[in-house]
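According to TrEMBL, the region 'Disordered' annotation covers 1-26. Annotation source TrEMBL lists compositional bias 'Low complexity' at 9-24. The feature domain 'Thioredoxin' is assigned by TrEMBL to 11-186. Summarising the annotation, TrEMBL assigns disulfide bond to Cys65-Cys69. The feature Cu cation binding site is assigned by TrEMBL to Cys65, Cys69, His151.
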Amino acid sequence: MQDSGVGEASAPATAARPALSGPPSGDGGSLLAGHFRLIAPDGRTVDSDDLAGKPYALFFGFTHCPDICPTTLSELSLALPRLPGRALPVFFVSVDPERDTADVLGRYMQSFDPGIVGLSGPRPAVDEAIRSFRVVAQRTELRGGDYAYGHTATLFLIDGDGLIVDRIAPGLGPEALAARLAALAGPVAPPAVPGR
């Protein structure tokens, strides 16, 4: 099973566990973002607890994805430069840490905007992130010993309070995506005026 273009990949009828509906609800029906503690290709640890008070965007995928992942990362790469002066961390969380080593993920991410940080880690840490965001990441064996993942293809927008305030399906387009990212990032900080 590979990615579908409709936001979430469907699990096969024989799947042992059903797809989960989404992260747990917080105040006012907002969704609480899940927790993750993963590693960037440069070796630094990125922990969602350290992002408290800061908005960010997060997308789950894998480097061997033939369509949705590179398309979404390309759209993000076209949208992010439209946010001048805004600091908005964007993370690509690999659901395939067995293949997506730091070296592989680092090389893959060079094809996209440098503001997008690839994250991976040991399988238990990746599985914790998958569970806590309640995304689907279903491995399917292919002929010849290869495999692919059907996975949730949603871009999560998380505000500074740790709430998921927007979920974006693939194919929105760079201009509309930039507008949604700008709304999350907030206003551009005015330049500092010397002497004030």
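From the backbone N, Cα and C atoms, a Cβ is placed for every residue, glycine too.
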Among Cys65, Cys69, the one of these disulfide-bonded residues whose Cβ has the fewest neighbouring Cβ atoms within 10 Å: Cys65
Reported mean pLDDT - the domain 'Thioredoxin' (11-186): 88
Cβ neighbour count within 10 Å of His151 (Cu cation binding site): 27
Whole-number Å value for how far His151 (Cu cation binding site) lies from Cys69 (disulfide bond) (Cα to Cα): 10
Integer Å distance between the CA atoms belonging to Cys65 (disulfide bond) and His151 (Cu cation binding site): 10
